[in-house]
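Since the structure comes first, as structure tokens, the remarks are kept for the end.
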Amino acid sequence: MRLLEPIKVGKIELKNRVMFPPMTTGYEGRDGTIVEQSFNFYKRLAEGGVSYIVLGDVAPVNTISPTPKLFHDGQIEAFRKLADAVHEFDCKLGIQIFHPEYDVEALAELFRKGDMEGGRAKMRHDMVHFIQEVTEEQLNSILDKIGECVKRAQSAGVDIIEVHGDRLIGSFCSTLINRRTDSYGGSFENRIRFALRVVDKIREVAPDICIDYKLPVVTENPLRGKGGLMINEAVEFAKILERSGVDMIHVGQANHTGNMNDTIPAMGTQPYCFMSKYTKQIKEAVSIPVSSVGRIVTPENAEALIENGVCDIVGLGRSLLADPDYVKKLEAGEGRRIRHCMMCNKGCTDAIQNRKFLSCVLNAENGYEYERTITPSDEKKKVVVIGGGVAGMEAARVASVKGHEVVLFEKETTLGGQLNIASVPPRKSEMNRALRYLTNEMKELHVDLRLGRTADAEMILAENPDNVIVAAGAHNVIPPIEGSKMPHVFDAWKVLNHEELPSGRVVVIGGGLVGAETAELLAEMGCQVSVVEMMEEIAKEESKTVRPVLFESFEKYQVQLLTGTKVTAITANSVEAENAEGKVSLPCDYVVLAVGARPNLFDVQALEDKGVQVSFVGDCNERAADINRAVEEGYLAANVL
């Protein structure tokens with residue numbers, strides 16, 4: 001497998017072709033120092049077999065950005081500790097140097113004086129105007145700071161310096177952003193001038209260090225990203241970078257639009273390997289190694305990119321969050337057991353946008369590396385799991401890995417629970433990867449599956465269990481609205497499961513995630529759809545990277561959205577409601593209920609009377625859960641056994 005072959009980059013060798021590309025994690029200390037959580041995260045990736053890790057957005061100045069920083073000598077030791085740790089696994093460490101594109105000193109002074117409003121106003125101004133206003137003197141100072149940062153990194157044992165070609169540097173390069181009329185603006189040669197000065201500065205202070213350059217491409221049809229170069233100029237710039245001493249080029253999507261879905265597309269919003277046609281053009285223009293990122297999910301995706309001459313090295317970001325042992329499993333011939341990313345963006349991209357730390361909804365160990373681990377139990381137990389949804393299967397998986405005997409009861413004839421309907425709406429089919437992974441793990445771990453069996457206390461006690469984990473799920477709520485039980489009123493879950501199919505004019509009551517997804521599905525099927533929601537937001541729970549796409553779809557299909565509106569009654573041919581403006585009557589042929597879920601009840605008194613230890617996880621645990629909570633609760637409940 002080419003993916004697992006070594007490759008020479010500059011004066012170093014990578015043991016395979018898999019890198020962890022730069023991602024903001026939120027794990028670092030407030031001053032940007034590598035702290036224990038950050039250290040453990042990267043060490044765990046190295047242990048999993050990746051050959052090259054890039055720490056994203058390492059600032060050479062003291063910024064307010066929640067990213068790593070290396071701006072004073074006191075931070076060197078933490079970086080050295082990390083470099084030593086990943087080197088133990090024959091993994092190379094890189095840092096991506098970036099500048100936040102605002103006047104760091106002026107902003108810091110405003111905040112130091114307590115002028116928070118002035119500081120925020122200054123930052124908003126600079127994010128738009130800094131590229132036009134930064135002086136030659138300031139640029140020279142930035143270059144000096146970069147040089148000092150590189151020297152610190154080299155003394156810490158960092159192997160590779162990646163130049164972040166977006167943000168400040170990409171803004172200089174961009175015809176869409178750079179409006180300067182001096183030697184840094186206008187012509188192609190002028191616009192790339194500062195980028196080349198950065199490369200020269202790195203080579204000046206660290207002649208032997210490996211240089212990687214993240215080359216952002218402004219992709220077209222539609223135009224996405226602003227900071228960077230159009231592909232024709234990107235190809236020419238790549239040639240110049242090689243002549244300037246750069247050892248490797250990392251091709252990525254340009255950013256600067258404010259929409260992270262441009263650079264980290266969620267499920268169904270971009271094709272797999274969507275940067276490949278741009279990456280290949282750059283690879284064909286240079287002789288140095290080229291890496292690529294962008295919705296590369298499976299080993300087959302990655303292998304094809306290398307085999308077809310698209311790139312030499314593959315960046316797996318979200319995929320390694322979902323399964324840090326991705327490479328190890330490939331090396332062991334167990335690629336079928338990789339826990340593949342769904343590209344939901346809930347635990348990763350959304351977390352960073354909300355200033356939380358990086359995680360993955362499918363991996364309960366993310367952010368808790370070496371704190372949460374599955375170790376064999378000292379005593380083998382009999383564990384019964386009630387429910388074969390996400391929480392139940394994760395609990396069964398963890399209990400089995402610990403060495404327990406596990407029996408899982410599921411009332412349906414198939415596993416998956418709500419995953420089976422969650423993967424039905426537009427763009428959501430990639431959620432099936434989670435279902436396939438968990439279902440396969442039940443087989444690999446020899447979990448005793450009792451499908452089509454509604455478990456009761458007598459049935460469970462017959463198994464003589466030591467522990468019972470209840471993951472009985474939830475059900476869609478039928479609200480106490482007049483007319484809610486009429487024959488033309490359908491259950492959203494049943495609609496998603498294709499058990500009930502409305503047509504014509506449809507009113508969806510409830511604008512949460514399920515209601516919004518059901519509305520989009522019905523609109524796509526040709527229905528005339530209205531959504532009525534009591535609160536002020538539609539699909540509030542959806543990923544921030546997906547919501548814009550969802551609302552574009554609503555606009556395309558002319559879905560009527562009514563927020564702050566309460567339904568008062570359902571009639572044979574209308575939904576009656578009221579809001580701040582008065583009464584509303586919506587003519588309809590069908591009504592779909594999506595007002596929320598309620599936990600399924602499961603009586604465990606008889607089990608507890610017999611001394612059986614019982615725990616509840618997932619939707620049935622007091623309140624309906626999302627997939628992140630379902631996985632985490634299933635993991636934690638089983639891991640203490």
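Note: Cβ is positioned from N, Cα and C throughout, glycine not excepted.
Going by Swiss-Prot, these are the annotated features:
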BINDING   Gln96, Lys214, Arg295, Gly317, Arg318  FMN binding site
ACT_SITE  Arg167  active site, proton donor
BINDING   Cys341, Cys344, Cys348, Cys360  [4Fe-4S] cluster binding site
BINDING   Ala391, Glu410, Gln418, Lys428, Ala455  FAD binding site
Neighbours of Cys344 ([4Fe-4S] cluster binding site) among the recorded positions Gln96, Arg167, Arg295, Gly317, Glu410, Lys428 (Cα to Cα, within 10 Å): Lys428
Cβ atoms near Glu410 (FAD binding site) (within 10 Å, other residues, all chains): 25
Same chain, 6+ residues apart, C-beta under 8 Å of the C-beta of Ala455 (FAD binding site), given in sequence order: Val384, Ile386, Phe409, Lys411
Same-chain residues at least 6 apart in sequence whose Cβ lies under 8 Å from Arg295 (FMN binding site): Pro265, Gln270, Pro271, Tyr272, Cys273, Phe274, Met343
CB-centroid shell, 8 A cutoff, [4Fe-4S] cluster site Cys341, Cys344, Cys348, Cys360, site residues removed: Arg318, Leu321, Ala322, Met342, Met343, Asn345, Lys346, Gly347, Val361, Leu362
Under 8 Å by Cβ from Gly317 (FMN binding site), same chain, sequence gap 6 or more: Phe20, Pro21, Met23, Ile264, Val293, Cys348
Minimum Cα separation from Lys214 (FMN binding site), reported as the residue among binding-site residues Cys360, Glu410, Gln418 that achieves it: Cys360
Nearest-integer angstrom distance between the alpha carbons (Cα) of Lys428 (FAD binding site) and Cys360 ([4Fe-4S] cluster binding site): 17
Packing count at Cys341 ([4Fe-4S] cluster binding site) (other Cβ atoms within 10 Å of its Cβ): 30
Distance from Gln96 (FMN binding site) back to the residue listed as 'active site, proton donor', taken between C-alpha atoms, in Å: 12
